[in-house]
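Here's the structure, in structure tokens; my notes come after.
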Amino acid sequence: MSIPTPYEDLLRDVLANGTHKSDRTGTGTLSVFGRQMRFDLSQSFPLITTKRVHFKSVAVELLWFLRGETNVKWMQDQGVTIWNEWADADGELGPVYGVQWRSWPTPDGGHIDQIAELVENLKSNPDSRRHIVSAWNVAELQDMALPPCHAFFQFYVADGKLSCQLYQRSADTFLGVPFNIASYALLTCMLAQQVGLEPGEFVWTGGDVHIYDNHMDQVLKQLKREPYEYPQLKILRKPDSIFDYTLDDFEVVGYQHHPTIKAPIAV
């Protein structure tokens, strides 16, 4: 039985069908528009195996989002520096993901905690079609160090399982997408535990799906590697709320992977 390779198939798709485009960073990309991948979270945890994905960074960043943070210091204190290139001299990023998830401003001066409302609505009205969180706040885009790439996500409950679909407007397929897959898969598993459901599917939908010109050699190297089975995720305790998880609550079991492949970040 062959191992499913939706991510590697996406890389091949971009290489085969992409159009050369200029981009904001001046790097240049090979790009396709409108692609989708599906991952069955009831069977495994989709941590890409054809190169190493640093799970600690994935988890710390997600916990940082859930804290509603805008400064990189908390992540740096955990040994994670993935946002440093976009922060100002004080470590600030503006009203990025955490603010929009936890404290979306309202016209009357109040704030909406989208994550808290999501959890409550999943419990009280699981069949709703409004289990949505948006980070794309048009009124505050100009104040963000980087407008949201993974901008909008929706949850769906059926047969005792919680599924998630993410819309990612801009997808750095080599560096960013493996991280994003793992992050939203982890969030789905955490939410499922909190609301008494089992993990279902994670559906990744991409808008501008691209490989940067200076990542081509790395992608070709990665695609020569044989994939391994995905690992399993264990959540070691159930905290009082979605906001009370720590890094020590997560264990990835059986993660067999090829070595890291380094590549420059387009800032």
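Placement of Cβ uses the backbone N, Cα and C atoms for every residue, glycine included.
Here is what Swiss-Prot says about this protein:
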- Cys149: active site, nucleophile (ACT_SITE)
- Arg24, Arg129, Arg130, Arg169, Ser170, Ala171, Asp172, Asn180, His210, Ile211, Tyr212: dUMP binding site (BINDING)
- His54, Asp172, Ala266: (6R)-5,10-methylene-5,6,7,8-tetrahydrofolate binding site (BINDING)
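A straight line from the CA of Ser170 (dUMP binding site) to the CA of His54 ((6R)-5,10-methylene-5,6,7,8-tetrahydrofolate binding site) spans 21 Å. Following the DSSP three-state reduction, the secondary structure of His210 (dUMP binding site) is strand. Candidate recorded positions: His54, Cys149, Ala266. Nearest to Arg24 (dUMP binding site) by Cα distance: Ala266.
Long-range C-beta contacts of Ala266 ((6R)-5,10-methylene-5,6,7,8-tetrahydrofolate binding site), restricted to its own chain and to partners at least six residues apart, with a cutoff below 8 Å, comprise Asp23, Thr25, Thr27, Asp172, Tyr212, Asn214.
Using a 10 Å Cβ-Cβ cutoff, Arg24 (dUMP binding site) registers 9 neighbours. Note on proximity: of the binding-site residues His54, Arg130, His210, the one nearest the residue listed as 'active site, nucleophile' is His210, by Cα distance. His54 ((6R)-5,10-methylene-5,6,7,8-tetrahydrofolate binding site) sits 32 Å from Arg130 (dUMP binding site), taking the Cα positions as reference.
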